[in-house]
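TrEMBL annotations:
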DOMAIN    5-314  domain 'FAD/NAD(P)-binding'
DISULFID  41-46  disulfide bond
BINDING   50, 113, 304  FAD binding site
BINDING   180, 181, 182, 183, 184, 185, 186, 187, 267  NAD(+) binding site
DOMAIN    339-448  domain 'Pyridine nucleotide-disulphide oxidoreductase dimerisation'
Ligand SMILES: Cc1cc2nc3c(=O)[nH]c(=O)nc-3n(C[C@H](O)[C@H](O)[C@H](O)COP(=O)(O)OP(=O)(O)OC[C@H]3O[C@@H](n4cnc5c(N)ncnc54)[C@H](O)[C@@H]3O)c2cc1C
Ligand SMILES: NC(=O)c1ccc[n+]([C@@H]2O[C@H](COP(=O)([O-])OP(=O)(O)OC[C@H]3O[C@@H](n4cnc5c(N)ncnc54)[C@H](O)[C@@H]3O)[C@@H](O)[C@H]2O)c1
């Protein structure tokens, strides 16, 4: 039985970084990847979708030019988008990532990994051959998630898209129904709509982006309506059929829709099934980790399945914490009070820490300040496309911000100073003494603070 120091099962962004860090620190590392080294983010998630978003934002800005700088003639084409996505993903080939990992000193297997007791992993390759490894230090899991497909009558067997198909699109569908109004659904809905697709978003819940502030959801819904994207909330897809290039869809309330394409972006399922958690005495369906990302002795779990949020920056953050523990290095342990996120719609929707509702649910004595970004000096000079807001949530008992939201152009950048404030627990009194450059979007934060 081959013996190594560490086996990493699943090389999402964090798993890849962990394998690389451990190998370059001198450990004997085996990395096992069922599909592409790097995981969902570079091939089917963050990177290709942000290329699509960037292109659709360019179209939106060009359309705004009329009001700002005179006419622009536009002939939208998906060809450059598809070409940039193919280039970024190397046509969905991970050779460069594999080489990077091998150059760091790791052995990479394309196959599936399964725990087979403490510090033991069975690797099954595509040809069915199996090798069992013993891992002296232990095993790290970063298996990520896959799309959740709702149990809709007739859906199975139809050529519905998930994010994996949408990023491979070579043409814009004339019409598109998107199931799910979370980050995946709203980013892709707007990107395709701006290229001319007639888009309807079906959202189970009461509003888009349910984990964000309700004011952010309402603003995004207004923008979607203005851009001609139909949003049906409290909508439940009940039936689906596909014939002659058209989906026919029935909602639970009797509404019928048809579209050329159907995109399912309705949440994710953790890839924990079959990974052998029960062989080390753990619940096979859910895993919990401590502040060093340990799920058991000699077992570290990172990334989306670790249960603290599904973002690449979290997977990377947790990877470094696990790496330090595996390498017996000192350093801070995991803290989640200031996790930021940005949904790359236009306007961008960003947040950090707790929403007002979350803070109140925790029993905090909360004060809230909010301001209209479009009404700021920068919003006024920016003109069309400046819809937005800043909302800050203060814990009155400590006088620090526990959460904040920014909606607007560059919200993902503007949120960074609020992330610092929440992360470092900078008193609101100190934030109020800061000088905010005029006329920037981030200056609106000063106005929001004055509303507290
Ligand atoms: C459309 C879309 C857009 C997104 N946009 C953003 C964004 O803009 N910003 C952001 O921060 N996040 C974004 N995300 C989320 C981000 O992609 C994930 O949070 C990120 O990939 C981290 O995931 P992970 O480390 O858990 O693993 P993943 O990236 O999911 O990778 C896990 C890997 O493990 C492999 N694997 C699973 N089981 C096994 C096994 N038994 N053996 C071997 N290999 C296995 C899989 O093949 C996969 O390659 C997006 C996600 C999607 C779907
Ligand atoms: N920019 C980013 O950072 C980014 C972008 C995309 C995805 N992500 C990550 O990936 C995760 C998954 O994204 P997601 O959008 O699939 O998940 P999500 O769980 O955040 O949202 C899915 C939405 O679909 C709705 N839904 C579920 N079943 C439905 C049904 N049958 N009919 C209609 N609506 C239904 C839910 O109410 C929910 O609002 C996100 O939580 C996020 O962490 C991040």
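Each residue, glycine too, has its Cβ placed from N, Cα and C.
Under 6 Å, Cβ to nearest atom of ligand 2: this is the test, and of the recorded positions 46, 50, 180, 182, 184 it is passed by 180, 182, 184.
Counting every protein chain shown, the Cβ of residue 113 (FAD binding site) has 26 other Cβ atoms within 10 Å. Highlighted here are the recorded positions (41, 46, 184, 267, 304) whose C-beta falls below 6 Å from ligand 1: 41, 46, 184, 304, in sequence order. Of all Cα pairs drawn from 50, 113, 304, which the record names as binding FAD, the longest spans 30 Å. Within the set of recorded positions 41, 46, 50, 113, 304, the entry lying nearest in space to residue 267 (NAD(+) binding site) is 304 (CA atoms). DSSP assigns residue 113 (FAD binding site) to a strand segment in the three-state reduction. For the domain 'Pyridine nucleotide-disulphide oxidoreductase dimerisation' (339-448), DSSP puts the residue distribution at 39 helix, 34 strand, 37 coil. Take 180, 181, 182, 183, 184, 185, 186, 187, 267, the residues named in the record as contacts for NAD(+): the widest Cα to Cα gap among them comes to 14 Å.
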